[in-house]
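This report refers to the structure that appears directly beneath it.
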Amino acid sequence: MTQLALVIDLNVCVGCSACVTSCKEWNTSSEGGKGMVDKNPYGKDPTGTFFNRVQTFEVGEYPNVETVHFPKSCLHCEDPPCVPVCPTGASYKRKEDGIVLVDYDKCIGCKYCSWACPYGAREIDEQQKVMKKCTLCVDRIYDTTLREDRRKPACVLACPTSARLFGDVHDPASEVSIAINERGGYQLMPEWGTRPANHYLPRHKVKSQVTEESLNRIDNPLKKEEQRAPASNDLPSLDDFLF
Amino acid sequence: MHPAFSVIFLTTLIGAGQGLFLALYTGQVYNTFGVVGEPVPVDMYITGTVIVTLLMGLGLFASFFHLGRPERAWRSATKWRTSWLAREVIVLPAFAGAAVIWGALQYFGLDPVLVTTDALQIKLSLVIGFGAGVLALLLYICTGMIYAAIKFIQEWASPLTIINYILLGLASGFSLAVALAAYYGSPLVDAYALWALVFTLIGFLTRMLALRRNGRIKRKSTACTAIGVRHPKITQISQGAMGGSFNTREFFHHKTPQFLHTIKVFFLIMAFVVPFTLLVIGWSNHLFVLLVAAALVQYVGLLAERWFFFAQANHPQNLYYQAT
């Protein structure tokens, strides 16, 4: 069983929103995308459909504060609560790769699935009046006309810090599984039993301990000369033996 | 949640429709088994059925405004195995159809006696009415479960949600039936008024219980579990969209806590206290106008109740939109 997913590294995400714009670009202009509408893009209250957003949180209080940039898209849950509630069967989870998709031709736009998603990953497209969400770029990851290393979701390719990994989380040898295992990958809101396929890698602070001894070693060979025996005028010096 | 008027009208209108039908059928059962001596004017059943059909039709009409693509609404019955919404979509027309057949049998006088015992005559409409009554109760359960089945909207995920949909629907339906029976001078007024008072009273108690429960909910999801960072102080400083999004519109009521509190007090008075009082006075003094007023006031109260039901529900996705 394959379960494709993203693994997002919060340790290196800088919140540049390149994943947001590349997602919007690909899913608006690609053949299968059908567009993600923007309402009032240059007006007072611009709004539109996005599959992916980067949010920013502040953790702690000054001076002990840190900023967490948090990209959020559909998590492609292994037990997706949005699928069984759909009255038409437009929402479904693909058996072959575990991607949760919406059939835009069957969706009636009742928004019940968005109520049933605790993560707020689904949005209604104000133009097509159907629910939309991240497709993991299903129209490009299997496109054999693309070079093999380009068959990845647009957001993954766009990320300048490689904060987004893509792969099969059920394959223990995959890059994503290894990252989850070795770096403590976790799921969002585990309390609801949705088992999100997407994982997040936690912030990881690198601290090095520098002690006085490691800077000024007692047996520092560079300082050997300073440790000469005390000189005395009564004793012959090295100069006395020369000449 | 954002209270959508389409859904508010849908749930209150069909709730009253189901309740009214159950009241009419109760009248027929009482007549058949001799609980209420004099036969009821058949006109009351026919007018009643017309009102039931009208309420169901209006409710269905309102529900279409909730859909983005109403022309595809026929598809919404397909996933009845998993979706309570699909089940409601099937049971709603099934109930309305059965209720129409029940009324039509009496209108056309095509009501053959199926079984005759010493004093009883079991007519065809009594059997059909039973089926329609079961469907009416099923429809209450379907409507309630649509909300109660979403486990992470903790205000809704409780048996009280279903109980309240049943009791408040019955209360409004029987209140309507009291006015209808009074108009036709039916001897059923007493029975209807008694049931309307009982349902209003129990509905008040269970709704208060639900309010009490919802006031003390311990949230399972926190900002910590939402983003997976363990710290008591997490503040959102950007939510990924400056001009708002579907997430900031669909899941918030955008009203002040004071407004919410006012609506709560308003619906408790209008849906329970005022109609209860009007019913008691109208019933004991045979004042038809007060009985009609009781039904109308209760309906307005239930509109407010339903608005509050949606507004009070706090969706966990709001943790990602704290700045709203």
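Cβ atoms here come from the backbone N, Cα and C positions, even for glycine.
Where the annotation comes from TrEMBL, it is an automatic prediction and has not been curated.
The transmembrane segment annotation in TrEMBL covers B:7-25 (among others).
The feature transmembrane segment is assigned by TrEMBL to B:45-68 (among others).
Look at TrEMBL and you will find B:89-108 (among others) tagged as transmembrane segment.
What TrEMBL records for B:128-150 (among others) is transmembrane segment. Sequence-remote contacts of a segment are chain residues at least 6 beyond its ends whose Cβ falls under 8 Å from one of its Cβ atoms, and for the transmembrane segment (B:128-150) they are 11, 14-15, 18-19, 21-22, 24-25, 28, 84-85, 87-88, 91-92, 94-95, 98-99, 101-102, 105, 156-159, 161-166, 169, 309, 313.
The feature transmembrane segment is assigned by TrEMBL to B:162-185 (among others).
Within the chain, the transmembrane segment (B:191-210) has long-range Cβ neighbours (under 8 A, six or more residues past its boundaries) at 19, 23, 26-27, 30, 35-36, 158, 160-161, 163-164, 167-168, 170-171, 174-175, 177-178, 181, 268, 271-272, 275-276, 279-280, 283, 291, 294, 298, 305. Annotation comment: TrEMBL describes B:191-210 (among others) as transmembrane segment.
If you look at the transmembrane segment (B:259-281), the same-chain residues 6 or more away from its ends with a CB under 8 A from one of its CBs are 168, 171, 175, 178, 193, 196-197, 200-201, 203-204, 207-208, 211, 253, 287, 290-291, 293-295, 297-298, 300-302, 304-305, 307-308, 311-312. Annotated transmembrane segment per TrEMBL: B:259-281 (among others), in sequence order.
Note on the transmembrane segment (B:287-304): residues 8-9, 12, 15-16, 168, 171-172, 175-176, 178-179, 182-183, 193, 196, 200, 263, 266-267, 269-272, 274-275, 278-279, 281 of its chain, located 6 or more positions outside it, place their CB under 8 angstroms from a CB of the stretch. Look at TrEMBL and you will find B:287-304 (among others) tagged as transmembrane segment.
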Positions whose Cβ lies under 8 angstroms from the transmembrane segment (B:89-108), at least six residues beyond its ends: 14, 17-18, 21, 25, 42, 45-46, 48-50, 52-53, 56-57, 59-60, 73, 76-77, 80, 124-125, 128-129, 131-132, 135-136, 138-139, 142
